[in-house]
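Notes to accompany the following structure.
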């Protein structure tokens with residue numbers, strides 16, 4: 001079967017046109033998998049891509065977007081790819097409580113300043129985007145009131161939050177929010193990498209970096225993403241014998257059960273409260289916390305491997321990014337291109353100023369490394385933040401991730417609340433109230449940091 005015949009068969013077969021069947025999912029997953037492999041090959045072979053640290057999932061998404069149904073129509077992806085994001089994000093958020101580990105309660109001031117720095121930045125980014133959209137852009141163009149929050153949902157949240165926010169609005173017929181949020185997330189990842197590397201180069205020249213003297217001294221494996229034999233790490237531990245059930249299967253079914261529990265709770269709430277629907281991912285996160293507590297009480301946690309769960313979540317994230325970018329409707333982006341560019345560029349400038357200025361005021365140690373990490377996840381994803389941190393701090397001596405791990409335990413509930421209630425507020429006409437609360441809360445966090453003495457005071 002040659003490529004032309006296969007493409008014609010896929011596009012004309014009834015089961016790949018209007019009806020969604022298991023084979024639709026099979027082909028979509030297979031095609032995206034091929035694109036992910038192609039993206040990985042490009043990362044390994046093309047020097048330009050290596051220097052920019054562009055992840056294969058992003059490359060796969062761009063190829064799927066340009067050659068898929070929303071581009072030239074060469075690759076026979078189905079029109080259902082946009083719906084996969086809502087499912088994948090439920091698995092990702094359901095896995096979060098199982099991945100989080102209790103960090104040692106030391107360096108209280110460093111952890112507190114990291115919490116204040118990250119929490120305030122997140123809240124202020126949501127406030128900035130929402131207010132810019134409501135008070136400025138909406139007065140110039142006839143936009144959806146929620147237009148402004150597509151920036152923080154894509155930047156600080158990444159493709160996962162963009163999918164969650166977009167799906168919430170899509171249920172009420174506002175499909176453009178999903179495309180705009182996904183576009184913001186994609187734009188953010190590219191900006192996170194390119195601007196992040198520029199910041200690191202600037203930091204090395206100015207002497208701000210604590211552990212990197214020369215940008216050009218980066219290990220080759222960081223650029224290609226392929227680890228040599230002596231630098232490879234275990235993906236996790238086998239907590240049960242494969243003669244009964246494969247360890248990977250055991251960890252995967254736990255995540256799947258949590259996601260299913262979140263779905264059931266969401267549908268139960270909407271059944272008894274018509275017109276009100278909790279996002280599946282939020283419910284999955286709550287179920288994950290509940291399951292985690294049960295596992296801890298019954299010592300079942302001894303048999304659950306956080307590293308394996310983390311890799312499962314990472315796999316879902318790779319597919320989410322690829323599917324999410326491939327499902328972007330270019331026509332919608334073109335329709336909103338001018339206000340969207342104003343929103344996204346303004347968001348980048350505001351975030352960059354906050355990250356660099358506030359890091360110097362709040363971080364007593366390794367301010368630059370913590371700033372570059374925060375820039376990565378404030379504009380792209382947590383993975384981008386870690387990737388940039390590894391460039392500036394190859395041996396992870398700044399303890400940035402150690403401090404962030406404990407700080408995020410307090411950040412996560414706020415982040416989930418933002419994602420859950422932002423659509424509810426804007427859909428019911430309370431967008432300005434929501435953004436006002438975000439602004440007040442962000443300033444309150446900074447005030448708390450000042451009172452606690454976490455700000456660096458000039459002698």
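Keep in mind that glycine also has a Cβ here, set from the backbone N, Cα and C atoms.
Looking at 153-176, 177-200, the stretch flagged in TrEMBL as transmembrane segment turns out to be 177-200. Checking TrEMBL for transmembrane segment across the ranges 272-291, 292-311 points to 272-291.
Within the chain, the transmembrane segment (432-451) has long-range Cβ neighbours (under 8 A, six or more residues past its boundaries) at 112-113, 116-117, 119-124, 126-127, 130-131, 134, 148-149, 362, 418, 421-422, 425-426. Contacts between the transmembrane segment (404-426) and the transmembrane segment (272-291): present, as 3 or more C-beta pairs lie under 8 angstroms, all at sequence separation of six or more.
Here the transmembrane segment (177-200) sits against the transmembrane segment (53-75); at least 3 CB pairs are under 8 Å, leaving out pairs fewer than 6 apart in sequence.
Long-range contacts of the transmembrane segment (81-99) within the same chain, counting only residues at least 6 positions beyond its ends with a Cβ under 8 Å from a Cβ of the stretch, are 28, 64, 68, 159-160, 162-164, 166-167, 178, 182, 254-256, 258-259, 261-263, 280-282, 284-285, 287-289, 291-292, 295, 304, 306, 309-310, 312-313, 316-317, 319-320, 323-324, 326-327, 412, 416.
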